[in-house]
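Chemist: Residues or ranges marked as signal peptide in TrEMBL: 1-26. Residues or ranges marked as domain 'Ig-like' by TrEMBL: 23-114, 119-205, 210-295, 300-384, 390-479, 481-575. Here TrEMBL flags 582-680, 685-782, 787-882, 883-979 as domain 'Fibronectin type-III'. What TrEMBL lists as region 'Disordered' is 666-696.
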Amino acid sequence: LWENINGILFLSFLVCLLLLQGPVFIREPSNSIFPVGSEDKKITLNCEARGNPSPHYRWQLNGSDINLSMEYRYKLDGGNLVVINPNRNWDTGNYQCFATNSLGTIVSREAKLQFAYLENFKTKMRSTVSVREGQGVVLLCGPPPHSGELSYAWIFNEYPSFVEEDSRRFVSQETGHLYIAKVEPSDVGNYTCVVTSTVTKARVLGSPTPLVLRSDGRKYFKGKGEKYIMDYFILGPVPQINWRRSDGLPFSSKIKLRKFNGVLEIPNFQQEDTGSYECIAENSRGRNVARGRLTYYAKPHWVQLIKDVEIAVEDNLFWECRASGKPKPSYRWLKNGEALVLEERIQIENGALTISNLNVTDSGMFQCIAENKHGLIYSSAELKVVASAPDFSKAPMKKLMQVQVGSMVSLDCKPRASPKPVCSWKKGDMIVQENERISFLKDGGLKIANVTKADAGTYTCIAENQFGKANGTTRLVVTEPTRITLAPSNMDVSVGESVILPCQVQHDPLLDIMFTWYFNGALTDFKKDGSHFEKVGGSSSGDLMIRNIQLKHSGKYVCMVQTGVDSVSSAADLIVRGSPGPPENVKVDEITDTTAQLSWKEGTDNHSPVISYSVQARTPFSVGWQTATTVPEVIDGKTHTATVVELNPWVEYEFRVVASNKIGGGEPSLPSEKVRTEEAVPEVPPSEVSGGGGSRSELVITWDPVPEELQNGGGFGYVVAFRPLGVTNWIQTVVTSPDTPRYVFRNESIMPFSLYEVKVGVYNNKGEGPFSPVTTVFSAEEEPTIAPSRVSANSLSSSEIEVSWNTIPWKLSNGHLLGYEVRYWNNGEEESSSKVKVAGNETSARLRGLKSNLAYYTAVRAYNSAGAGPFSTTVNATTKKTPPSQPPGNVVWNATDTKVLLNWEQVKAKENESEVTGYKVFYRTSSQNNVQVLNTNKTSAELLLPIKEDYIIEVKATTDGGDGTSSEQIRIPRITNMDARGSTSAISNVHAVSSYIPVVLFFIVNALW
């Protein structure tokens, strides 16, 4: 039990030891300014460090430890120092924080604590300053005792009238003096200097200086990154002020001029800003130059920091820290917060620390300090000097190593040990000796060259130093090398084909093998590219099948064969030939009215030379791209120009080029820029020239407009020419709209329906084109002047009236009679009349859809293309009453094999219905649509019908007003042979088709409805 407890305690101690860490600052104190008289009665200087165990803290002021037991003066909050009721007499100075744990101590950078205050001016009166008008004067401020940055202003006579700076007046924020370049009478008065602390915001006023009615060169030093301000003012007549660098270099863009050029400001001062600067002032009395020199300095800045290091006893340490700065920094080292004591083992040279033959007592926290007169910086790190026996747990040897015959192998042996152990080797129980193939490495490893099968076995490394001994083992397996027996070879294929790239190997059976393919250096993804790539073959084969090869599959294919010991590879180039890519940069070099000169550049040939090119053209009027006619007609693959011919003038064209090779035609090029062919005289006249019609004294000429693509230019129009038949001279007129399809010539001298010869020509901006062939056209006809005669109206039914008339006499001027118009109305409402039209050869018309038992009035007139003639006299007729709404009822029938006997009840008309004059029997076979009709004035009928199939029968009453409502349809079934033989007697079978119950006297096979 005690052994287990001790083991656990030892492991816990090791874990704790491994997690130990010296102090490292997270926050360090920084310079602070505390306003005297502030309501805040304390100030906090920050300090925080991490480490394990957690650090504890102490502070120093001006190199002396602070007594933290004085709780009324100081308080420690974590690592932060809180100063209570700060006092400028006791607490001003440089503070440093010390963080300590069991591994050592580190010191923070120095932080300066200052107190900002501003005392009052002494109350003594100031002397009066006398100056002549036009002279310059300087009024001195002389600020009272203070600490912290100040700002200055001047009051003129009384508050709050402050002096405003301008080209004559300037307040220096360096000294507080007020400069007046050229005194004027308005400047006479009392001037009071106002001084403000920018930290405490306190403000004090000096005694007034009554004004009643003589520049220097300085040397400045500024730090890197600071803002520098140079001011310069001239007394006397107001000058013009300019600045320049003495070396003639131009000012950088960051430089600003303020206060009427009296102040030069350089933000973020850098080394390139150093040098001499000149202020040039000029006025009416002359010119003066003042010079000042800016010199660059820089606080130290780390170039190389020191880092934590863990090193074995008896080893040597070389620690270098380097910093830049101006002037060049010097270095010193601290160990655990104290100056490092130099001795023979411990030396410092140019900032580098060397400690030879390390021992455990050299462990601790080290700090390198780089400093110059402008500042100092710290870099901290921990030195751990360790002493331990060899241990393979953190760096175990490989359990198994596989190598191939003839190769070289190195067996590593790198246990953790301090100091470095001495290593020896065994193979099995045999000690390994060095020879021409076997050698021991400086780091303890074992190297075997030209490995043989006899070298296989278990190797043990024994590591030992003065603190102990340990060993580790590796098993070495020696295998035969892997060889590719069938490698892929270069191939040349066409798009769409499928190929197999072989990759077959011979390998040691002890080893697992893996095939990998690379395409143009990228690993082939068989899942992503499964539609094209597939790995085929057995366990010793990694053949690659490529299906439906595309142009993108051209390139280098590498088969990589890997085992746990070695890898071999073989490569092949696959060339895929396809139809050409699109030609490039198609341009129209020259354009005429019917031709275009094209040029282009060859695109990719996709591994098959271009044999020929073809040109396609497209216009706004074409249906897609059309093959263009070119010169030469056949464009070979080495020609990159062609002339497109047979183009239409004044049409916007685009062109593209298609390349072809043995594989086929490729993708077309991008279209050229749109170009318009030049104008030309039109060549195509209008088609379908015709005419006729119109109103009296008109000649109407019509044609199909010429399409835009055949107009050949702007300003397109038509020339219309016509003349009476037999006349020599043409009458011409111009129609300027290209879309107009007709022209109407009006003149009282035009005879009705007389023949004219007409033709239509074309023109545009380039001139006149051809005329259409001459054709003949009739002038407008004369409308009819005579009304139809012998008009009569006859009522046919309750909804129809027939109107008839005699044709009107024809004469030549009427031309072609188009027809007759019949107008009708009722109850004298002629304004709301209806009309029907019939052809010219008709002499009657039926008016349908009329109301029953109502008088209708009607009149007729003839019309032609010129218009309508006068109406005839009005005639009237009254429609019949409506037919009876009651259908024939109780329809019964009996049948034999040759006839059908029907009976039904009489239909009685109501008072407002037409009287029944008879009946109609409609019958047809069930297989035909052709209906036959039997008229009778009785309520019965006999139909001589061979009953060889079903018959459909219905009955209607007839009246002067038309046919009445139909009875319900009845279906009479065919009589079968069996039925005929059983029905030769005159016994009849009666079937009612009404609501009455039928009496069935013989067997009926099918129910019909």
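Residue numbers in this text run from 1 along the chain shown.
In case you wondered, yes, glycine gets a Cβ from its N, Cα and C as well.
Help me picture these features in the structure, burial and contacts included.
Modeler: Per DSSP, the secondary structure of the domain 'Ig-like' (119-205) breaks down as 3 helix, 32 strand, 52 coil.
Per DSSP, the domain 'Ig-like' (390-479) is made up of 3 helix, 48 strand, 39 coil.
Within the model, the domain 'Fibronectin type-III' (582-680) carries an average pLDDT of 95.
The DSSP breakdown of the region 'Disordered' (666-696), given as helix, strand and coil counts, is 0 helix, 7 strand, 24 coil.
DSSP labels the residues of the domain 'Fibronectin type-III' (787-882) in these numbers: 6 helix, 50 strand, 40 coil.
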Chemist: Which residues, given as numbers and ranges, are at least 6 beyond the ends of the region 'Disordered' (666-696) yet have a Cβ under 8 Å from it?
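Modeler: Sequence-distant neighbours of the region 'Disordered' (666-696): 578-584, 586-588, 591-594, 596, 598, 600, 603, 606, 616, 618, 625, 647-660, 702-706, 710-714, 716, 718, 742, 744, 752, 758-773, 775, 777-783, 865-867.
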